[in-house]
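Here's what TrEMBL has on this protein:
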TRANSMEM  35-55  transmembrane segment
TRANSMEM  67-90  transmembrane segment
TRANSMEM  102-119  transmembrane segment
TRANSMEM  125-144  transmembrane segment
REGION    159-201  region 'Disordered'
COMPBIAS  160-178  compositional bias 'Low complexity'
């Protein structure tokens, strides 16, 4: 494979998933990739800024900055492998991640975004890790899929009631018991107006 073919295959990948995920809108796919790429770059830059905390002997901010740089680089490697052509295994890693369900990426991004903020609580940690965390949230929303229409939900409910008649009976019993309880409450007299009747001795 020539260099230009490799670049073309890398640039073509965002629109093509190895696993068909047709229920996810195209704009959400590009939002996840764009947010991961831009967020990873910003996280690397702000991670370097946090590493300058070593000048003030703030070791926790140094660790936070190093973690944030690694997390940002990992996000770029997964979301935009065309930015890392100088590393051979990037293409295979990105293809392997693309074959996994979206919730795997959501958990991974949210997991790697939390520790920098725990080590060093400042604005650069919040912004850098926050963008990676937001990427995880986008992938989490993608894993939920598209909401069914009202007609589809009603059709599914009708099928469930036909397959499980005892479920329908339980619903009717619950509705009748709730109706009886509401009648009891409506017919009850107020506590302040009721008088106790004492039977004669």
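Cβ coordinates come from backbone N, Cα and C, glycine included.
Packing against the transmembrane segment (125-144) from elsewhere in the chain are residues 21, 24, 28-29, 31-32, 35-36, 38-40, 42-47, 50, 61, 64, 68, 71-72, 75, 79, 101-103, 105-114, 116-117, 119: each is 6 or more residues past its ends and has a CB under 8 Å from a CB in it. Long-range neighbours of the transmembrane segment (102-119) within the same chain, counting only residues 6 or more positions beyond its ends whose Cβ lies under 8 Å from a Cβ of the stretch, are 21, 24, 32, 36, 47, 50, 60-61, 63-65, 67-68, 70-71, 74-75, 78, 125-126, 128-130, 132-133, 135-137, 139-140, 142-143.
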